[in-house]
Amino acid sequence: MSTYSDASSVSAPVPRALRRAGFSGVVPALAFVAIFFIVPVAALLLRSVLEPVPGFGNYAELLGSATYLKIFANTFIVSGLVTAISLLIGFPVAWALAIMPGRLASVIFAILLLSMWTNLLARTYAWMVLLQRTGLINKMLMGMGLINQPLPLVNNLTGVTIGMTYIMLPFIILPLYGVIKKIDPAILQAAALCGASRRQCLTRVLLPLAVPGMAAGALLVFVMSLGYFVTPSLLGGTANMMLAELIAQFVQSLVNWGMGGAAALVLLVVTLSLYVVQLRFFGSQNTGGR
Amino acid sequence: MKHTFAFTALAAIMALAIPAKAETLVFSSWGGTTQDAQKAAWANPYTEKTGLQVMQDGPTDYGKLKAMVEANQVTWDVVDVEGDYAAQAGKNGLLEKLDFSVIDKSKLDPRFVTDYSVGSFYYSFVIGCNADAVTACPKTWADLFDTAKFPGKRTFYKWSAPGVIEAALLADGVAADKLYPLDLDRAFKKLDTIKSEIIWWSGGAQSQQLLASAEAPFGSLWNGRMTALAKSGVNAETSWEQNITAADSLVVPKGAPNLEAAMKFIALATSAEPQAALAKATGYAPINLESAKLMDAETAKTLPDQQTASQVNADMSYWAKNRDAIGERWYAWQAK
């Protein structure tokens, strides 16, 4: 990422033939994206202003209804919670990975990646089995005498948050690891030598240096959470419905594509604006997190 | 050079694909054990009889069906849909009219026959209960809505479809023959009283899991799922009191590529023997009135068509007319 932006900022004159060759290489990829992504999305968005009658009626209905606004709020609350908890859990893990011996780290990486590669539906069902009232966790807690009544851990906000955080963790650990690994250990040693306490080393040296990785990971997790479907649908209750589920209902069940398109556009606009904000504050070179 | 090769390859694939397509028929259903049974009871005999292959696809998705018809790119020939959707889609011009010179409708239960659809099988929403998990099982819809007498979580079908609203009204004391037009305000008010105690099931397997694990020890389930639960060794009790019937339907999307074959497939699927075979495998009732004779007494007892005395018929034509309006209210209420 950084090499790319350096090269373009220097903007050395590229020979025309070379430039044309580079461009024609990109054409198939651009055409692919245009045909299979941009055109269908544009068609759905067009429906949002054309169906059932031309105009902005769908948007008025979507943004004027307390129910739909609540679904928007749910989406942001869940995504925010998941991002915050992922960050809290992910940071120490990424840090530990960066400083532990290579062999141990690669074992932990393997575990992380394996969990990412396991079927999402299977993992979500596994959480359902663990969290339900008659599930392993409740049975264990009751067996240990810690609780008398099973805790409501699933079909509610708790269930969605646990399930989604678990699924999102690798997406925050990996970019954070990349950034922390790049921090020169000599800087921390220097800070310690200059009399910084361990706490000061963390809060005034390590954390600020890791901010780009945190921002990149948090954005990734937040944006992915906004559009999440399977896990909230299975682990949440109907009261914590999220936007993706609403869109699916409009498209598949109610066959109301106007409203579905409108909801999809709102989600797209929110996602893009978040990305723009991220680029503005942290710059493109920091989102790579190698 | 590369391009020529790609085009030749593409042409060759297309040349191979076209005759192959003419000899196959694509059937879409909901997956799971029901589609397995449909394959065994309908598709295999059809292939034996006609030599035509039946490709299985799914799950059925109304958005996808509409997109196929609108784009004139229909890949499904016969689709298993819910009865209320079939009635609505027929009206909206998404379906082919069925050819009743090929399909013999004289033996079919007239409740489930329209110009555009015939029943696939019919089922009932019954009151299911895990008898090992509770001291007493609810017997009526009123019981199921009575959280004082029957405390605990109960499970209901998550999607907007005939069944739950009817159950709420019956529980509130509406007479079975006075259900339609549905009094939605009254139904949602009744549902409000148990909303915090409801765990929604979105697919049949989930309803079984909820009941078997006693996560929700009772609720409203498809009768076939209760039969399967009982077979699997769960102490599952079914109350047929005011069981609410609805049917799946077989339809042909407008512009289906193998129209003639589709009609023949539906004719076979709705004939007496394949209907009986499907009923044996799934616990759902046949819609062919002559199938009952072919059933063994043990299986017949567990089917909705033996429970007509206490049966409440969901009104598909009412649902077809009001499906969208009810759906919007339903989801808004759920999300509240």
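A Cβ is built for glycine as well, from the same backbone N, Cα and C atoms used for every other residue.
According to TrEMBL, the feature transmembrane segment maps to A:21-46 (among others). Remote same-chain residues near the transmembrane segment (A:21-46) are listed as 14, 257, 260-261, 264-265, 268 (criterion: CB distance under 8 Å, separation of at least six residues from the stretch ends).
Beyond the ends of the transmembrane segment (A:71-97), by six or more residues, the same chain brings 105, 108-109, 157, 160-161, 164-165, 168-169, 171-173, 176-177, 180, 206, 210, 213-214, 217-218, 221-222, 225-226, 228, 232, 236, 240-243, 246, 266 to within a C-beta distance below 8 angstroms of the stretch. According to TrEMBL, the feature transmembrane segment maps to A:71-97 (among others).
The annotation domain 'ABC transmembrane type-1' is assigned in TrEMBL to A:72-278.
Per TrEMBL, the feature transmembrane segment maps to A:104-122 (among others). Long-range contacts of the transmembrane segment (A:104-122) within the same chain: residues 97-98, 167, 169-170, 173-174, 230-231, each at least 6 residues beyond the stretch ends and with a Cβ under 8 Å from a Cβ of the stretch.
Here TrEMBL flags A:160-180 (among others) as transmembrane segment.
Residues 75-76, 78-80, 82-83, 86-87, 90-91, 94-95, 120-121, 124, 164, 168, 171-180, 183, 187-188, 191, 196, 242-245, 248, 267, 270-271, 274-275, 278, 281-282, 286-289 of the same chain, all 6+ positions outside the transmembrane segment (A:205-230), place their C-beta atoms under 8 angstroms from a C-beta of that stretch. Annotation source TrEMBL lists transmembrane segment at A:205-230 (among others).
Here TrEMBL flags A:250-277 (among others) as transmembrane segment.
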